[in-house]
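K.L.:
Before we start, here is the structure in question, set down as structure tokens.
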Amino acid sequence: KLCILGIIPTLCVLGIIPTLYILDIIPTLYILDIIPTLCILGIIPTLCILGIIPTLCILGIIPTLCIPGIIPTLCILSIIPTLYILGIIPTLCILGIIPTLYILGIIPTLCILEIIPTLYILGIIPTLYILGIIPTLCILGIKPTLCILGIIPTLCILGIIPTLCIPGIIPTLCILGIIPTLCIPGIIPTLCILGIIPTLCILGIIPTLCIPGIIPTLCILGIIPMLCILGIIPTLCIPGIIPTLCILGIIPTLCILGIIPTLFILGIIPTLCILGIIPTLCILGIIPTLCILGIIPTLCILGIIPRLCNLGIIPTLCILGIILYINFQESGGKDVRQQETQ
């Protein structure tokens, strides 16, 4: 059938099939029963008839990945066959997701740099596929969009995604449903498209806070997801408040010293966020100004703010509206004085 349709003859005339035979790639995959199994199941014929495999061959993508041994290795380890048999790769091909990422050169680049093969061999990508996480993000268009915009490839090439994958941080957050939950309402994609997450990754802030387990712990406890779903973290990120405090090193320092995590785990920061107190003080510029001037960091490092929080003094004053009232009075008083002067 593939001969009558002209698929096998075309790939032979172009020298693709002969090259893969001479390099012993096709014979090896036959001896290991990989090609026959995928053919009997109808997977290879379907992808050929739809024109997916021929296009990827003509564009030189499949040969490029076969010659350095990337595709054969993944086949021998039974990673690619498993993903085919489960219907994951065929579905993503028929939807045009995998072909698009190949044609744009994203998958080949990440393969040649050995990023995708490493994550496959370590079992990270297969696990996320089998659990349905990557397919879901692909079908919803989240992963392809972030790939086409160059966000995922850049973070891979810079080694950020592999670094967070290999210790199991990203896979764990995926398996627990945290990353998918934040992706589906569009929170993570929006912060990526606006350049907030990539910038904090490239500057090393997110990896620094992930590797000691600070961000993962706050995610697993449900704190960061809750603040994201409620719109608090996105609200503070989009005007650049959280990114600025990160770039200035204020948030990372307070995290590494254990101050912010402790206040999160005790429920102080989440409560003040949900009540709208921290967001209001941030949007008015009060918390950022006191941070940039070094007042809040100093009081934190000296243990004064944590102590007043633990004793319930700062939360109580916030909940009663006293701190907000004082700040409004100060800003209002300044306006009155300015008017009198004029």
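Placed from the backbone N, Cα and C atoms, the Cβ positions cover glycine too.
Feature table excerpt (TrEMBL):
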- 6-26: transmembrane segment (TRANSMEM)
- 38-71: transmembrane segment (TRANSMEM)
- 83-107: transmembrane segment (TRANSMEM)
- 119-142: transmembrane segment (TRANSMEM)
- 148-170: transmembrane segment (TRANSMEM)
- 182-207: transmembrane segment (TRANSMEM)
- 213-233: transmembrane segment (TRANSMEM)
- 245-268: transmembrane segment (TRANSMEM)
- 274-296: transmembrane segment (TRANSMEM)
- 308-328: transmembrane segment (TRANSMEM)
K.L.:
At a C-beta cut-off of under 8 Å, are there same-chain residues at least 6 beyond the transmembrane segment (6-26) that contact it? List them, or none.
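P.N.:
Counting only partners 6 or more residues beyond its ends, the transmembrane segment (6-26) has Cβ contacts under 8 Å with 35, 48-49, 53-54, 57-58, 62-63, 66-67, 71-72.
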K.L.:
Short question: which residues 6 or more past the ends of the transmembrane segment (148-170) have a Cβ under 8 Å from it?
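P.N.:
Distal contacts: 100-101, 104, 106, 109-110, 113, 115, 118-119, 122, 124, 179, 192-193, 197-198, 201-202, 206-207, 210-211, 216.
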K.L.:
Ranking 83-107, 119-142, 245-268 by the number of C-beta pairs under 8 Å to the transmembrane segment (38-71), which range is first?
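P.N.:
Result: 83-107.
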